[in-house]
Each structure stands twice: as C-alpha cells, then as structure tokens.
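S.K.: Before we start, here is the structure in question, set down as structure tokens.
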Number of protein chains: 2
Amino acid sequence: MTEPLPQGTVIGILGGGQLGRMLSVAASRLGFRTHIFEPGANPPAGDVAHRVTTASYEDAEALRAFAETVDVITYEFENIPTSALDLLETLRPIRPDRRALAVSQDRLVEKAFLTDLGLQTAPYAAVDDAEDLAEALAEVGTPAILKTRRFGYDGKGQAVLRTPEDATEGLAAMAGAPAILEGFVNFTKEISVIGARGLDGSVACFDPGENVHREGILRTTTVPAQISDAQRTDAVLIAAQILNKLDYVGVMGVELFVTPTALIVNEIAPRVHNSGHWTQGGCAIDQFEQHIRAIVGWPLGDGARQSDVEMENLIGADMERLPALTRQPRTQIHLYGKTEVKPGRKMGHVNRIL
Amino acid sequence: MTEPLPQGTVIGILGGGQLGRMLSVAASRLGFRTHIFEPGANPPAGDVAHRVTTASYEDAEALRAFAETVDVITYEFENIPTSALDLLETLRPIRPDRRALAVSQDRLVEKAFLTDLGLQTAPYAAVDDAEDLAEALAEVGTPAILKTRRFGYDGKGQAVLRTPEDATEGLAAMAGAPAILEGFVNFTKEISVIGARGLDGSVACFDPGENVHREGILRTTTVPAQISDAQRTDAVLIAAQILNKLDYVGVMGVELFVTPTALIVNEIAPRVHNSGHWTQGGCAIDQFEQHIRAIVGWPLGDGARQSDVEMENLIGADMERLPALTRQPRTQIHLYGKTEVKPGRKMGHVNRIL
C-alpha cells in the first residue's frame with residue numbers, strides 16, 4: 001500500500017471515548033470515514049463518526065458486521081478482549097497489531113519485553129498469591145505498588161504498599177487477579193514520548209513532554225520538557241527501539257521516569273495518548289492525524305514542534321472554570337461532549353500556546 | 001446568554017458541504033453536537049455530524065422536525081430559500097439572522113447597503129431587460145460583468161461583457177433572471193477579511209489574507225497580505241463597520257479589491273469563507289470555531305495570527321498531487337471526503353505553514 005487510500009475509506013475504531021472522537025476528527029481531515037464500535041450508548045466519538053455500532057465485545061455477530069463495513073481497524077484503548085481480537089483479525093487488518101496488544105495488556109509481559117530490549121524498568125516481581133507477595137516484597141522492598149497485571153488504567157486496580165504490613169490489604173484489592181509488584185522509582189520528573197511508525201517502517205517521534213500526575217491521573221503535559229539534550233535524544237531512541245521491535249504501525253505513548261542517572265520506562269500504550277494532546281496546538285500534524293496516516297499507509301506527517309504548549313486536563317469540577325477559560329488568549333479548548341460531570345472524569349483539555 | 005451552552009447542545013447547520021463539515025468538527029471541539037440539513041445524499045458534513053436530515057428546503061415537515069431537535073440554527077451558504085427561513089426563524093434562532101441574508105442573497109441590495117454605509121464598491125446598475133442593460137453599459141462602461149442578482153457562486157451565473165456588442169449574449173446567459181452590471185475594478189490585488197461578531201457585540205477580525213483566483217475560483221490565500229499598515233487597518237475597520245451595522249452574530253467573509261487609492265468592497269459572505277481556511281494552520285482559534293463560539297454565545301476566541309500561511313485549494317485533478325503533498329513538511333492537508341473528482345470541484349485544501 002504505497003498510494004493513499006481513496007477518499008471515503010472507512011476506518012473502524014474500537015472504543016468510542018474522547019480518543020476515538022479525536023481520531024475520528026483527524027480521519028475526516030484526510031477524507032476518511034469512521035465506524036465506531038462501543039458497548040456504551042451515546043459514545044463521545046459517535047458525535048463525529050459516520051457510523052456507530054453499540055454492542056458488546058462478546059457479540060460475534062456485531063463484530064463481524066462491523067468488520068465488514070471497514071477497511072482497517074484500530075482502537076483507542078488496549079484492553080480489548082482477546083476473543084474479539086481473535087475474530088476481527090481474521091477479517092481485517094488490525095493496526096497496531098496483536099504483538100503490541102500482547103505486550104501492553106499485561107504489565108508483567110510488558111516489563112519482561114522492555115527488560116529483554118535492554119531498557120530499564122522499575123524493579124518488579126510477579127504476584128499471584130500471598131506467598132509470591134512476601135517474596136516480592138523481600139526482593140523489591142517498600143514502598144512499592146501492587147497492580148493487577150491486566151485491565152488497569154488511571155490508577156485503577158492499584159494499591160500502594162508503604163510497609164510490608166500493607167500486604168494483606170493490598171492483595172485483597174487485587175480481588176484474586178494476577179498481579180505485579182513494582183518498586184518505587186525515585187524520579188525527578190516524568191516525561192513521555194509520543195512515537196509513530198509508518199507502514200513503510202519509518203519512525204517519527206514528537207518532542208518529549210513533561211507530565212504531572214495527581215491521584216493517578218494526568219493533569220498537565222508541558223513541552224518542551226525540561227531535560228538535557230542527551231536525555232531528549234535517549235528518550236526518542238528508546239521509543240524508536242520499542243516501535244521497531246514490535247514492527248509497530250501507528251502512534252504509541254511511552255512514559256518514562258527521569259532519574260539523575262537513567263531513563264526508566266514506566267509503561268507503553270499502543271495508541272494515541274493523553275500526554276500527546278499538546279500536539280494539537282504545537283505541531284502541523286497532531287498525534288491523532290499521525291496515527292491515522294500510519295494505519296492507512298500514508299507517509300508519516302511533520303510533527304516538529306512549532307510552539308511551546310502546556311496541556312491541562314479538565315477533570316470533573318474543573319469544568320466550572322470553563323467560562324473563565326473561554327476568555328483566555330492563546331488557549332485552545334477541547335471538550336468531549338460528556339453531559340454528566342463526575343469526579344475524576346476527563347471532560348476535556350486545554351492547550352495553552354506558550 | 002452569558003454562560004456557555006451545556007455540553008451536548010445541538011447546532012443545526014443548513015448545508016452539508018465542506019464548510020458544514022468543518023463547522024461540525026469545530027462544534028465537536030467545544031463539546032457540541034450538530035444536525036445537518038442537506039438535500040443531497042451522503043453530504044461531506046454527514047461524516048462528522050451527530051445526525052443528518054436528507055430533505056428538500058421545500059419540505060416543511062422535515063424543516064420543522066429538524067428545528068425541533070436543535071438549539072440554534074446556522075448555515076454554510078447564503079442561498080437558502082426564503083420560505084425555509086420564514087418557517088425556521090419562527091422555531092429557533094437563526095444566526096447570522098435574516099438581515100445578513102437579505103443583504104448577501106441579492107447583489108443589488110448588497111451594493112446599495114455598502115454604498116449607504118459610505119463604503120466603495122465597483123460601479124453598478126440594475127439590469128432587468130435589454131433596455132436597462134443598454135443604459136447600464138452607457139453608465140458603467142466596458143469591460144463589465146453581468147451577474148444574476150441572486151444564487152451566484154464561484155463564477156456561476158456570470159457573463160463578461162468586453163464590449164457593448166456582447167450585451168445580447170450576456171443577457172441570454174442570465175436566462176431572464178434579474179441581474180446587475182458591475183464595472184471592472186482595476187485592482188492591484190484582492191484581499192479578504194474574515195471578521196466575527198459575538199452575541200455580546202464584540203468584534204474580532206483575522207488578519208487580512210491575499211487571494212488569487214483563477215477561472216472565478218479561489219486558488220490560494222496567503223497571510224500576511226502584502227499591503228500597507230494603513231490598508232490593513234482600513235480593511236479591518238470596513239469589516240467591523242459591516243458587522244456592526246447588521247447586528248451580525250457569527251463569522252463573515254469580506255472580499256476587498258485593493259487599488260492604489262482605495263479599498264473597494266467586492267462582496268460579503270455571511271458565513272465561514274474559503275479564504276479563511278488558513279486560520280486552521282495559523283491561529284489558536286480558527287474561523288470555524290470562531291463561528292461556533294459566536295452563535296452559541298461564547299466569547300470570541302483568540303484569532304491572532306501565530307504563523308504565516310499559504311492556503312491552496314485542491315480543485316479537481318489537483319488531487320493527483322496528493323501523494324506528493326503527503327510528503328511535504330509543514331503542510332496540513334484537509335480533504336472533504338468527496339469520492340468523485342470533477343473539474344472545478346473543490347476536493348480539499350492544504351495549509352502550508354511558512
């Protein structure tokens with residue numbers, strides 16, 4: 001596929017949240033249509049999609065019908081049930097493919113993959129039961145974080161163990177799910193690299209952004225990150241190494257802890273990433289369009305940073321600040337159309353052009 | 001209305017072409033939904049709208065049902081049949097309102113409006129029949145352009161009269177429709193100002209762009225326009241004067257001829273305008289979002305030019321250049337999803353960040 005796909009080509013997107021919504025908008029800019037598959041009714045992405053299927057990931061009929069209307073399938077989240085992927089990949093190309101999902105759906109597999117690549121991660125150990133946890137605590141030490149191996153996001157399915165005495169309560173929070181104990185990394189800051197790899201194998205990364213989290217949820221990303229030139233180069237090389245190893249196609253988010261002596265890979269997300277939203281205000285081609293370009297076989301676009309940007313998430317009651325935000329200069333507002341405000345819910349974000 | 005409308009508010013858009021499409025995307029950025037009303041099947045805007053009604057502007061039932069699902073109505077083209085407007089305006093606010101449409105739907109009314117404001121236009125005269133045309137030619141001289149008073153766009157419904165001998169053929173081209181003869185203006189360049197006026201009466205204009213037309217169709221707009229500071233100021237003041245006189249709400253395109261001694265108003269368009277597409281690549285807030293902000297009662301956004309831009313329309317066979325365009329740095333591609341390429345058809349545009 002070296003010629004751009006024709007106008008009207010349909011891109012199937014699994015997941016109808018804000019990432020699917022912004023992917024859909026980016027697809028439209030390039031003349032493509034989208035078909036959203038989402039179990040929940042009235043998904044945010046449905047407002048800007050050509051078509052929406054509301055069905056469960058267990059509904060093989062619906063999955064098949066969905067696949068038959070699209071030319072290529074992508075997704076906005078990594079926790080897609082295996083059975084759905086098994087079916088879909090027999091019908092249409094899924095980009096990024098199963099390799100990326102296998103690695104990112106399981107924190108233990110992810111850590112092993114990164115370690116095999118020679119990259120540094122937090123110290124970790126597998127935890128299936130109380131005995132494992134005792135051993136893991138002896139090896140990793142405290143404080144540490146116990147996390148379910150699968151299906152975690154935004155701090156959910158996690159328990160902080162400040163001392164070994166927190167073990168029992170922490171394990172209970174896993175509700176029997178296979179888990180991983182991760183040692184704390186004493187980092188000075190957290191950055192992320194949004195990388196992209198095209199169908200032709202070319203790689204392009206956006207400038208690393210500097211992230212601030214609160215209560216496990218990303219609050220701000222600022223570019224450029226305040227890191228050394230060597231760290232900037234290393235961060236991009238790490239992302240490129242991961243992308244190439246997976247024969248990846250699409251955009252990936254790579255979160256890194258910065259310590260005085262190393263860059264430590266926290267986690268990878270095989271999709272557009274909240275910490276890449278700044279690209280909408282800072283680059284000619286943003287992460288959403290970059291992803292669409294990659295999965296349809298276009299050349300990767302020019303993601304060079306043209307402005308410094310601070311991205312701030314609007315979470316829950318932050319929406320009360322909206323009237324004031326609408327009056328701020330150099331401020332791009334992105335809202336997701338969610339009618340119900342809940343604590344911790346991502347309602348939108350703003351990009352401040354610095 | 002001083003509080004932003006709630007998330008999920010529905011904006012009705014009359015017309016489903018590329019302007020409606022890009023308005024719909026801008027509405028989604030601010031958390032709003034759109035409902036497109038368009039007689040033609042599979043309109044470009046339908047790919048990114050929450051809902052589409054396919055019906056004629058003569059279908060009162062369909063118009064009523066459409067209006068009942070939306071909170072405010074706007075449009076992407078000025079030639080909306082009067083009967084449709086008569087019905088719709090009893091049901092929901094139409095922004096911009098009838099005053100703007102009355103002026104812009106009729107070239108003769110438009111010229112009289114501008115002249116009354118003290119603005120300069122091309123010399124003109126009304127032409128209903130051969131006798132009028134003879135008088136008009138005596139007054140205006142040749143070369144001149146005979147245009148239907150209503151329903152013209154992109155050079156359609158126009159005839160150039162190089163000498164008085166072209167009168168008969170020119171009049172035939174009007175097919176009996178009321179017309180206007182406009183004298184040629186010996187201009188050095190054509191510019192346009194994309195102005196906006198909020199519900200609160202505030203006015204903001206984007207930087208004037210310099211336009212190049214070929215065969216009656218806009219080819220490129222470049223910002224900044226190569227004009228003097230005084231001309232830049234005057235151009236913006238002219239747009240503001242028009243917006244205020246009409247108590248206008250929304251974005252308007254004002255096309256101006258630049259001569260060594262004056263700025264001459266060519267025409268006004270009560271909507272987002274092709275010559276304002278550069279704002280997508282050059283401003284924090286583009287013309288589409290500015291229009292949405294205005295019609296829902298948000299404060300106008302920051303439209304200051306942050307980059308120099310050349311916008312180029314992709315017309316008909318220009319689409320053959322797409323593979324090369326996808327490889328150009330600093331180039332944003334916007335395609336409209338039209339599957340059939342026709343000569344003269346606007347298929348998309350590119351914004352080159354200079």
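Backbone N, Cα and C define each Cβ position, glycine as well.
Quick paste from TrEMBL:
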type    : residues                                                        : note
BINDING : B:R107, B:K147, B:152-158, B:182-185, B:E190, B:H213, B:266-267 : ATP binding site
DOMAIN  : B:111-296                                                       : domain 'ATP-grasp'
S.K.: Over the domain 'ATP-grasp' (B:111-296), what is the model's average pLDDT?
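M.R.: 95, rounded to a whole number.
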S.K.: Where does B:V185 (ATP binding site) sit in DSSP terms: helix, strand, or coil?
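M.R.: Where B:V185 (ATP binding site) sits, the three-state DSSP reduction gives coil.
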S.K.: Indicate whether B:N266 (ATP binding site) is helix, strand or coil by DSSP.
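M.R.: In three-state terms, B:N266 (ATP binding site) counts as strand.
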S.K.: What is the Cβ neighbour count of B:V185 (ATP binding site) at a 10 Å cut-off, with all protein chains included?
M.R.: 16
S.K.: Minimum Cβ neighbour count within 10 Å among the binding-site residues B:R107, B:E182, B:N266: which residue?
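M.R.: Lowest Cβ count within 10 Å among the binding-site residues (B:R107, B:E182, B:N266) is B:N266.
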